[in-house]
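This is the structure, below, for whatever I ask next.
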């Protein structure tokens, strides 16, 4: 049996299902390119039949990615497989991933079919997918709750039909490691053609067992792990890619397997996914959390000074996190900024150097010293602003009356190329800014959640505002970054405004599509 574990990343498919707002095609491509640099073997990038937008993003990524195999999901239906094959046809190497439910509760309650009918559908889907590619993966949805006899029959039939990879998902995160390991071992013991396919696992974290179950599966013969960056995904999330990669690397002496992951790209990729997906990383998150390599105890600090491995089983440098920061001030030249971005693993195609340097000088004049996290925030904020936004905040001026508690805000906003200036009052500066923006955009939304955080520490921190707003009975999540909390709040609101504008365009597209179908008699 091979000692190489295939890393199958599904951040852009399963991971995206957890997001408050869908990623744009440009954002998905940026993440896909980061995953390629990270060294994932396979990246599942969407469900093409689900929407024109998903089809476009899968096709765009398939056309761009060269070093990783691009995969798309499909149900065990010919129309799904056709859409996946069409979207992937431009790729240098691709995989079609088809699935069907196999547990009794899913077969009877969701599919309302017999197991024999489901078995026939699975075989038909695999055979049909093989018309387009030799690389077909088949998943037994809810395998963790599937009767073992049925699971063995399904796996054997799918392999016989031509599936090269068989995925065993713990779809609802129900199993514990000893149980899940037993399922994998039973498949190896009882399925006669098991050696003709790679066994994969896809574990969810509903009971916090996803990583442990995946590692146990590897110990019992699985050689592909499906995972996401930062563990994002449906409900409680998926198996965390960075945790799996570092467990297999750090405990190679015990587990005896390896991956092709370039661990030095982990920190950079984690931050990119967090920023673009608007999902902050908890401080105590293993591997990539802010406290993962922080030592507060005096005893621990003393031990670290004497020998680093007294309290660290891996180094921050191993995941691409540099311990030493270069002091950057307004006197730093453009080459210093470029050098620091390169040291953090970014290439010039990831950001606009001219725009970043201009923003850097502005921030350095305000803060004095600028840190690595400031540069990353500025780079992503610039990328966000350039994303074909209909609304762009150009200026914000706020005046507050401390005695009356009333504030006045004046905003200048580019609204689709037309500059509008509006003023409004409110109960505090943030409320006033929001009222002025609403007046300038003539777009009404209801804010249901407002969270204020910080990028960095102490007085040098950047303010980060995360808001959730309701528009046409749908929730939208926006984020804003600035040295000033009011400006960060305004940027978060404008971010949401642009998301709702994009949603309106999608709604119009869907309406026209339905009209065309009705006219065509489809």
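Just so you know, the numbers here start at 1 and follow the chain as drawn.
Using the three backbone atoms N, Cα and C, a Cβ is placed for every residue, glycine included.
As annotated by Swiss-Prot, domain 'Pyruvate carboxyltransferase' applies to 5-267. Annotation source Swiss-Prot lists Mn(2+) binding site at 14, 202, 204, 238. The region 'Regulatory domain' annotation in Swiss-Prot covers 392-522.
Can you tell me where each of these features sits in the structure?
In the three-state DSSP scheme, residue 202 (Mn(2+) binding site) is classed as strand.
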Just counting, how many other CB atoms are there within 10 A of the CB of residue 14 (Mn(2+) binding site)?
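Summing over all protein chains shown, residue 14 (Mn(2+) binding site) has 23 other Cβ atoms within 10 Å.
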Sequence gap of 6 or more, Cβ distance under 8 Å: name the residues on the same chain that satisfy this around residue 204 (Mn(2+) binding site), in order along the sequence.
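Looking at Cβ-Cβ distances below 8 Å from residue 204 (Mn(2+) binding site), excluding near sequence neighbours, one finds 169, 170, 171, 172, 173, 210, 233, 234, 235, 236, 237, 238, 239.
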Tell me, how many other CB atoms lie within 10 A of the CB of residue 238 (Mn(2+) binding site), whichever protein chain they belong to?
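Its Cβ has 30 other Cβ atoms within 10 Å.
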Measuring CB to CB from residue 202 (Mn(2+) binding site), give everything in the same chain under 8 Å that is also at least six residues away in sequence.
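Non-local contacts for residue 202 (Mn(2+) binding site): 10, 139, 167, 168, 169, 170, 171, 226, 238, 239.
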